[in-house]
Amino acid sequence: MFKLFSAFRKDKVWDFNGGIHPPEMKTQSNGTPLRQVSLPQRLIIPLKQHIGAEGELCVKVGDRVLRGQPLTRGWGRMLPVHAPTSGTVTAIAPHTTAHPSGLAEMSVIIDADGEDRWIERDGWSDYQLRTREALIERIHQFGVAGLGGAGFPTGSKLRGGSDKIKTLIINAAECEPYITADDRLMQDCAAQIVDGIRILAHILQPDEVLIGIEDNKPQAISMLRAVLCDAHGISLRVIPTKYPSGGAKQLTQILTGKQVPHGGRSSDIGVLMQNVGTAYAIKRAVIDGEPLTERVVTLTGEAVSRPGNVWARLGTPVRHLLNDAGFCASAEPMVIMGGPLMGFTLPGLDVPVVKITNCLLAPSASEMGEPQEEKGCIRCSACADACPADLLPQQLYWFSKGQQHDKATAHNLADCIECGACAWVCPSNIPLVQYFRQEKAEISAIRQEEQRAAEAKARFEARQARLEREKAARAERHKKAAVQPAAKDQDAINAALARVRDKQRDAAQPIVIQSGAKPDNSEAIAAREARKAEARARKAQQQAASVETPSTDAADPRKAAVEAAIARAKARKAEQQAAPVEAPVAEPVDPRKAAVEAAIARAKARKAEQQVAPVEAPVAEPVDPRKAAVEAAIARAKARKAEQQVAPVEAPVAEPVDPRKAAVEAAIARAKARKAEQQAAPVEAPVAEPVDPRKAAVEAAIARAKARKAEQQAAQPDLASAAANDDPRKAAVAAAIARVQARKATQQAVNEE
């Protein structure tokens, strides 16, 4: 009983829901053997002829290539492409390719030299001695992809499911109408196909190998049975003709009774599927050492006079193949790449043949019928009954038309195999597959954008984390670099803090003004005197500018001013040295009397200078103003020295001096002295060059200010013991009044001058 059940299960096939039975139209092209097509003059080889990214170019314009020479390098899902013939690379540029969008893709354009020379081919007839990895790598580098229409890299497919495959299925169903490429290949090359199947079985080591073929291919079935009569482990399963039984999920269910899970792959249930054309290409790559450079293409339709199946080089323009088949182009020719249900209309006839091109259908106008107007959906559910994937096409149609991407995804739009069965049975002539393709493209674009946004966010977050780590590292370095101050540094800091506290304590103490003391306003007085001197100097300069100087033999005024300043400085130094000699023991002298006597002495000295000056006036010799200034300075120095010598010693018992009267008398004396100097100066004016009045005035003002400061210091008694009984406010008021009166006397003296 168990053997009977096993034998029954061995030949059993299952069925799938849905499906249709359209007219097959295969007899137009499957009756003639495969033939070669003449080599075109120019071939266009797109760099991307598979699912995945295009490879890296390894040729450039002007290079000479041989047939089978790699044009790109490929890793992972980047599948290399090879030169289909020998010739010269004339261009590497975008070109329209075989895609429903009609977009241009980067392509290598080769001008054939007609020699069709191969590269050196190295076949592995002893492939059983090769490792699985070496065989998979050879298949990948020789550019083998799925030739059934998907174009998935075969090497990647074998590498991904090599450890868990229990059943290897060879798809020989070829269910779509008009297409007979696999049928004719099995009739003419059955032995090579079986060799390719054995290579796959050697790589995958499955428990069983199944070949699924529809019962509408009797010649191919007989040829395969003849080759498989002595083969072990390979079973041929003939299945009923039903569209789309050639779909991967549908054929898997038919042969094994298992369904591929939603969102999964056939390898999840231990099944791997390859096309018969792919098996043939694997045999040529491994045993013959020939990369994939050509494939079988069906040329059919009522618009061609010689339909059939041909060996077409990859990159051959569609126009060249159709012309070889006797294509009769109409005013608006329509050529479909693929079958009438899953194919697409080509944007032009210069599109090249690629690895997934299995059929070129050129129907006549009567064969395709008149285009029908699209009408509204009547919800008849005919599309749902015909769907082999158990979907709801009418709901997907509404979601796709309304841009409801989330709902379309929730209704498993990704499981649609785009077989066209729903559109075939639709009574409203709605092109459902077109809506589904567009919706898939939009969802894919949205997901790519979301992925890019997620990657950008991840990069931003990684950057922020890196910046935070760097900031923390810098802070840690700064923390480690910071050291405690040394003992001497701490001592210096403590000393500075103590000085600050002392200053604050001193600043907080009240200020006590001593009775009878005058504030030291010498700097302010000097500044005022300097401003007045500058004004007088500007006035004198303006007056001197209007007078012409008849002689150039006069003395240099700058030199005279310098010498006078030096003399005054020496006199002040002598005064400072002589002042404190006998101060502690000298008898007290009335400072007013001393000031008056000093003023009288200065006046007499100036008068003597004035008397000497007129005596020499008649003489032609000019008076030296520098000498006169020096003598005057010496006289003033002697007067100050006399004043300092008679400075009060016993200030605590002396009567306080009236500062106002002393200041007035001193101002009057200075005014008279300046007047005497001005009267004596112009004796030789006609012959002497004028001294720089601004410098002289400034120096004179500074000298007077310093003399006044010395007088104030000498006149101020030491009243430290009596300061407690005097009123400081009265003393400050008296000092201010004295300053005002002195300023007034000075202004009057200037006006008199």
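Along the chain as shown, residues are numbered 1 onward.
Just so you know, glycine gets a Cβ as well, placed from its N, Cα and C.
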So which range, 46-65, 86-105, 466-485, 606-625, gets flagged region 'Disordered' in Swiss-Prot?
606-625
May I ask you to find which of CYS229, CYS328, CYS426 Swiss-Prot records for the [4Fe-4S] cluster 1 site already listed with CYS377, CYS380, CYS383?
CYS426
Which is it, of 200-219, 440-459, 640-659, that Swiss-Prot names as region 'Disordered'?
640-659
Going along the chain, which residues six or more apart from CYS383 ([4Fe-4S] cluster 1 binding site) have their CB under 8 A from its CB?
PRO393, GLN394, ALA421, CYS422, ALA423, VAL425, CYS426, LEU432
Among CYS377, CYS380, CYS387, CYS416, CYS426, the one of these binding-site residues whose Cβ has the fewest neighbouring Cβ atoms within 10 Å:
CYS380
Three-state secondary structure, which DSSP defines for CYS387 ([4Fe-4S] cluster 2 binding site):
coil
I'm trying to understand the geometry here, so how far is the Cα atom of CYS380 ([4Fe-4S] cluster 1 binding site) from the Cα atom of CYS387 ([4Fe-4S] cluster 2 binding site), in Å to the nearest whole number?
13
Cβ-Cβ distance under 8 Å to CYS419 ([4Fe-4S] cluster 2 binding site), same chain, at least six residues away:
TYR243, PRO244, GLY247, LEU341, MET342, PRO388
Rounded to an integer, what is the Cα-Cα distance in Å between CYS387 ([4Fe-4S] cluster 2 binding site) and CYS377 ([4Fe-4S] cluster 1 binding site)?
16
What other residues of the same chain, not counting CYS377, CYS380, CYS383, CYS426, have a CB atom within 8 A of the CB centroid of the [4Fe-4S] cluster 1 site?
ILE378, ARG379, SER381, ALA382, PRO393, GLN394, TYR397, CYS422, VAL425, PRO427, SER428, ILE430, LEU432
